[in-house]
Each structure stands twice: as C-alpha cells, then as structure tokens.
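Read the structure below first, then the notes.
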C-alpha cells in the first residue's frame, strides 16, 4: 500500500500538493488514509515554506525517487480532482440559474459538498451572489472559509459590488467579516466612490462613512473623489455630510484642502461656486444664501431639490419662516434681492401647520420693511382660514405696539378691515396701545361698540404718561364722567402725581379733581417727587401738614420715606439716585416754606433728619435740615438718634456733618445701651472712630452687657484688621475693664482665638491674672484649651502665644483636664511640661469623656484613664517616663490590677518598649515617699485651690515643690515637637470639640478625682 512508508515521504508530497494544488482537497482526502498521512499533514501545515512556483520541480524529483509511490498518488489525486470538478461545475451552474432554493439546498445539504468544492469556486459564487443581490446565499457562504476580499475580472470585491448596486443588507453582512474598506478596482474606484450615484442608496453611503478605516480622499483613474462626485450630482446634503466627517478628523490635513480645491473647480465649472462656499459655513447653505441675499443660489437649491418638502421634516418650521427669522436677527435693512427671495419662498410654500407660521406677521413688523409686510399679509390672507387669520393678525398687532409705525398700521388695517372687531385678546391690545401711545388704535378700539373700561384705560394712559390718549378718552366719555370717577375713587390724580406727569395733573385739576383727596390713606402731595407738580398742587390748595390718620405722616416725612424706599427700589429708567436727592432737597425747602414741621415723627419715632442720615449721598440735605433747625438730639422709640443711623450705615460724610451740630454724641440706645462709639467699634470703621474720638466721645461708656467700645471692637475684629483697636487704645480706653461676665479685652481676644491681639494686649499691660465668671479661667488657661481643641490645622500661633503667657508666670491650674490628654495625642510635649510647671495636676477621666472630647476612638482600656497610662497606650514612652520621674501619677498607678490590664493592652498593640518600661517599673516596690506623694496628690485633687492647699500642709518645702511638680526634672525633647502636627489625629479627627464651656463641677463625676481608688496591692509579693 501507498501509506506504509515513513512520514517523511508524505510530508514532502503534502508540501508539494499544498503549494500547487487545492488545500481543501488535501484536507478532505488525506485524512482517511491513516495515522501516518495525518501526522505528515499536520507537519505540513506547521512548517510550510514552499512557494507555488517550486511545486512542479519538486514533483518531478519525487517521481524519479519514488516512481511507484508517486504513480499511486497521481492516480488517487486524479480521481479526486475529477470528482471536485464535477461538484464545482454543478454548484456554479445552480447559482447561475438563479434557482435560490436549489442553491441553498446544495449549500446546506451537507458540509461535505462545500468542503469538496474548491475555494476559488466559492469565491466566484460569493461574487456572483453579491452581484445578484442574493442576501441569503451570501449569508450561507460567509459561514465557510472564504476570501472576503476576493475580486472579479474587473477587480471588484464583494463589498464594492454591493456598494455599487446599493445592496445595503449584503454590505452590512460583509462588514461583519472586516473586509478591506479601501480596495480599488481596475478603474481605481473604491467602495465609497462606487456607492455615490444619482440613484444610489443614501443608507449605503452612510454605512460606509461610519467605518473608521474609510478613506475620504481616494481618487479613481479619472481623478474623481467622493467630494467632486457629490458636487457633480448636485447632492449638497451628501457633500455636507462628507465635509463634516472629514473635518472632524482631518481639519488641518493638506489632503483635505487639496480635495476641496478640486471639488471647488468642479463647482465653478457647474456655476455653483457660491453654494460650494456656503456649504463650508457653520450654518446650512440655504440659510447662508439667504443671509447673503443670493437669490440665484436660493433658486438653484430649490430647483435641484435641496429645499424641498422631503427635507422639511428635518426642521421645525417652513423655509419662509427660517428666512424671516434670519432677516430679523441679522439684517437691519432689506434690499430687492431679499424681497425677491421672500416672493420665491412664498410661491414655493407648501401647506403648513397654523402653529408653524402663527408669528409670521409679528416677525414681519419686527423686520420693519413695508413691502415685506404687505407681501406677508397677502400671503396669509390667501392661505389661512378666518379663525387662524384672527390669531395671526393679533400677533402682528402686538408687535406693532412694541415698534409703532404709522405706515404699518394702515398696512394691517388695509389687509384686514374688520381687524379691530375680530382680533383676539382685545382688552390686552387696548392696554398695549395705551402704553405706547398708539392713538390711532385707541380711537379704533373706542369707536367699537363693545364695552370699553374707562377707569382701567385712563389709569393705563396716566401710568404711561400718554396725554393725547388720556385727553381723547376724557373727551370721548365727557368731563363730568371723569370728574365723578376722580371724586369717587380718588385715584387718577394720585397716579398722575406718582408718575410725575405734569400735563395730566393740570388736566385732572382742570376737570375738578380734589388736590386733598385721600386714596389709601394718602393725599396726592404725599406721592410727589417733582417740585413743579408740588407747586401746582400747593397753588391749588394742597395741605402740607395734612395727616390722613394718626399713623400716616405728613407730606414731608412721606418724602423721606419714599426716598428711603428708592434706595432699594428706584426705577433707573425714570429717576436716578442723584435726581431723587435733588428733588428731595427742593421739596424739603418748599414744604418747610409752607409750614411743615421739621421735627415731625413717624409711627416709629423717626424724624426727617434720622431718615436722611441713613441715606448715602444726602449730606447736603442733612446740612439744610440742621441749618433749618432740625433737632439732632432727638431719638426714636428705641433711643436711636440721627448720628446712630449714620454710623450704623457707615456713611462717613453724614457722620462728619452731624458731629458739627451734635450736642450729645454719647446718647445711648434704650434697649441695648449702645452709643455711636459702640456701633463704630462693632463695624470696625476706623474713619468714623477717629471722628467720634476727636469729638470727645465717652470711651468708657458701657452697653447693657457692660462692654466698652474696646471690648466690642475686639469681639468683632475681622482677620488682621486691628487699626480700630489701636485707635481706641491710643485714645486711652481702659484695657482692663471687665464686663458683666468679668471678661477683659484680653480674655475676649483669647476666647475668640485672636492670638495676635492677645500678644498685643499683653504687651500693652493687660492684666493677665483676671478670670472670667463663666468658667473661672485666665487668659493662659483659655489659650491652652484653644491650643488643644482648635480646629485649625496649623497651631503654631496658639502654641507660641500660650507658651509666652506661661513664661510670664500665669497659673494653669484651671486648664480643662481633658486638655492634657488631647495634647498628649498631638505630641505637644514641651507645652505639657510648661502647663505642669504652671499648676496642672494629674487626674483621671472616664472613657466616655475621653472618646467624646479628646478623640472619638482612643486606644485605651478600663473605665478611667490617667495621663501616664494614656501616654503609654499611645506609644509615647518618653512622655510616660517623664510623668513617672516627676510623680505626675494618680492613685490607679498603684494598682497591680491596672498594671495587668495596661500590660495586656501594650502587648496586644506590640508596643514592646513600653512593655519593657512597665515591667521594669512594676518589678520593684514603689518607695514609701513616692507612694505618699501620689496619695496626698490624689487627695488634694486638681483645681484652683490646689496650690493653696499644698502650701498649707505641714510638709518640707521640698515635698511641697514635688506636689506642685516644680522640680528640676525636665523632659528633653526636640524643640520642634510642639509645632509638628499629628497627622494621625488630623486624619481621623477632622473636627474637634471645644470643651471649655463645661464647668468643673459638672466634670468631676467624669474625672473621678473625688472618689479615687487607693489600692496598694502593688506591694503584694
């Protein structure tokens, strides 16, 4: 048999056959010949390196070397090849017959048939199926090993054939196999170029453009690109799509510029170069053509189908409305080309929805061209129903009231004679006509037989100062009617005075309006802000002193109340602030000359001078009032004088002017006791403070809480602004004055964390030993607590300030006890030493207090903890050694049980050095002297009286110093230790709680120092 030889023979034959014959044939026929041929075939597939041209030479050599074996192989191959040719011929014949069922049956009948057919035949079948558009057969063929990039005689790939014929579904199937997108046929066309045809599929082009590897710029042999092809077909939408996609990736590419240059030459040849340029703009080409008044291009776009109904779905409105809006927003004047474009758009307009063009006349009026408006009126009259026309013309009228034009009135009325009768929203239109003074429309509305609201429309005319409209209505409805309405409602004259319309005021008075009539508890004069109108009213008998009721002030005070209101609500379009000030001054002079009371008070007790003092820019008004005899010492119901209002509003010029006439600048508010100086200090206004000090303001005056101006200034000091405080100190303020809570200036500065001010006051001689009444703390103790519990990340200023105070010998006996624990956690070892030397004594606090006020998760055990154990349990060995050396211990340190608990905790935390120290400390019995000192110290306890108690003990000075921890022993540490933040603490405790406000009496239960446990089992053997 042929296959009884070694594998080498079959490997060589396999290589030759693979090189020159069909691989599919070998794969099918040689598998069944035995294990040797299988092994040989695997080796062939892995090590194939022969080229096709070498196959004949190798076969001849094999014939010479193995003549009998090669004869058998040749016979076997010939028989198999004959069978393959028969099946291939049958397969191609079935596909060519276009019998889809038979072809599909042949493909799906058995996998054996497909594997028997040669690959080249399958490729031919795929090309033929793509050409015929047989989607199902293509889908079946793609399931097998087939060349997706095979080409026909013209060099077309399956994708190119599908693209040219517009077979979208087949192209989509082919793209799933990742074909080469930019293959060229014999003419140089790519799939994208072939897809761009006049009758081609837009979806096909879009599908190809979505592929990332697509080449926008390829040219065929005739130099045609996709850009030039789109231009030649006048497919502007496609050109814009190509332009948009290519700009996205190749904006700066020279290839893109070259392609566009070629495309422009094509556009020039077709005489559409303008449209080509428009397509490169950010807006659509038809809009740009409209803006350029390019009638020829707009007509071309219409004629060649771009601006057609099929494109309408892409826009919210018609092309006509688009053009009108473009004119409105971008052009001030229309030329003849623009009018011709509108005529063209009107002639090509399709049936549209009423809502789409409901504002067409409104826009036409806004554009402001009479010829255009006439065209639009003719257009809507022929297109819309009567009901719709009413709505459209009503919108046009509204626009006309905003941009009144006499010619436009005649165009609208001429186009629709019964407009006034049929228009919608009639009353609203009358109001708008009166607002703009459109007398023609008012006459038309009044001539209408329907009801006319005289009162409302007269008020509208008055409000908008439309004298002609007012006179017309007054004459139309007779003077008697107007006078009657005026007397009954007392509103017309008030409104005319308020808006400042002199002519209408005179007209109303001539009609008999009462100048002293009351409307809403006010006379017309009380609304007046115009001197000329006031003179008219006064000449006709208006009363300056008239008060409509006890709570309503007269005209003079109303003038200042109105001016005060204008400070926040004045209408810049009518009167500026300067005009209001001038009017106020002139009217004040006029009213005072007519007998007004200059010191009259309103319901809150305020006079004209007080109201003027609180207003910026009223200095000359204040001067006139003071020179006219206004009493500057008067106060309102709360005890506020004129200078108080000037200082409260920080108006320096008003303060300066008032001080020239002020008799008592130390007047106090009845409720708060504040003086003008207090108020200036609260505002930290240096200029006003200097004025008040120069006028001998009382520096020691106190408010209801006992605060002087200095204390108020320090409490309200912002950032580093200390000039106001320096001003008061230099003027001689008592630096050690205590308020009702025994707070001095330096105590307030410390409580408000103003370290710089604490330093300044201490240098100026402030008493450092004063204690407040709230928690009996001095400034050093307050600053120590601030250092421990401040939320500031950088505490350098607090530390330096506290240490400087302690260096001056201040007691720290009343420092909050949990402060020491917080400082231990923050590594403030130097500060701890100073505090101990200044009187801080050891005590224990409960675990609850520790977790609440020191650190929300503290590494401690047991119900209470001492500073010594807390230092150990946080691995602060050096500090614990220091505490032990000076005897800064509590009675619990004498307990063997506490030693066991502490050691277990340290072992668990792996604090080996701390464990060694504790073992060494407790391995020897405590001396009687040290035990006695700890016992006595615990019995005395902490607090302000500790030092006095120790000094009263019948003990040697040495022992007293040890009880007060005033020994020579010091903890040698890096001096920078206290200014380095504990990152661990800040990471887990970002917000700290200040515990200063809790009295010591309430803390004793937590600290446990009143019931200390004296357990001496440390001596147990």
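Keep in mind that glycine also has a Cβ here, set from the backbone N, Cα and C atoms.
TrEMBL annotations: computationally assigned, not manually curated.
What TrEMBL says about this one:
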type	residues	note
REPEAT	154-186	repeat 'ANK'
REPEAT	488-520	repeat 'ANK'
REPEAT	604-637	repeat 'ANK'
REPEAT	672-704	repeat 'ANK'
REPEAT	705-740	repeat 'ANK'
REPEAT	741-773	repeat 'ANK'
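For the repeat 'ANK' (604-637), the model's average pLDDT works out to 91. Residues 641, 643-644, 647-648, 650, 652, 655-656, 659, 662, 665-666, 710, 712-713, 716-718, 721, 723-724, 727-728, 731-734, 737, 739 of the same chain lie 6+ residues outside the repeat 'ANK' (672-704) yet bring a C-beta within less than 8 angstroms of a C-beta in it.
Tertiary proximity for the repeat 'ANK' (154-186) is limited to same-chain residues at least six positions away from its ends with a CB under 8 Å from its CB atoms, namely 126-127, 130-131, 133, 135, 138-139, 142, 148, 192, 194-195, 197, 199-201, 203-204, 207-208, 211, 213-215, 218, 220.
Same-chain residues lying 6+ beyond the ends of the repeat 'ANK' (488-520) with a Cβ under 8 Å from its Cβ atoms: 455, 458-459, 461-463, 465, 467, 470-471, 474, 479, 482, 527-530, 532-533, 536-537, 540-543, 546, 548, 574-575. Non-local neighbours of the repeat 'ANK' (741-773) in the same chain are 705-706, 710-711, 714-715, 717, 720, 722, 725, 729, 735, 779-780, 782-783, 786, 790, 792, 797-798, 800-801, 804-805, 808, 810-811, 814; each lies 6+ residues outside the stretch with a CB under 8 Å from one of its CB atoms. For the repeat 'ANK' (705-740), DSSP puts the residue distribution at 16 helix, 0 strand, 20 coil.
DSSP labels the residues of the repeat 'ANK' (741-773) in these numbers: 16 helix, 0 strand, 17 coil.
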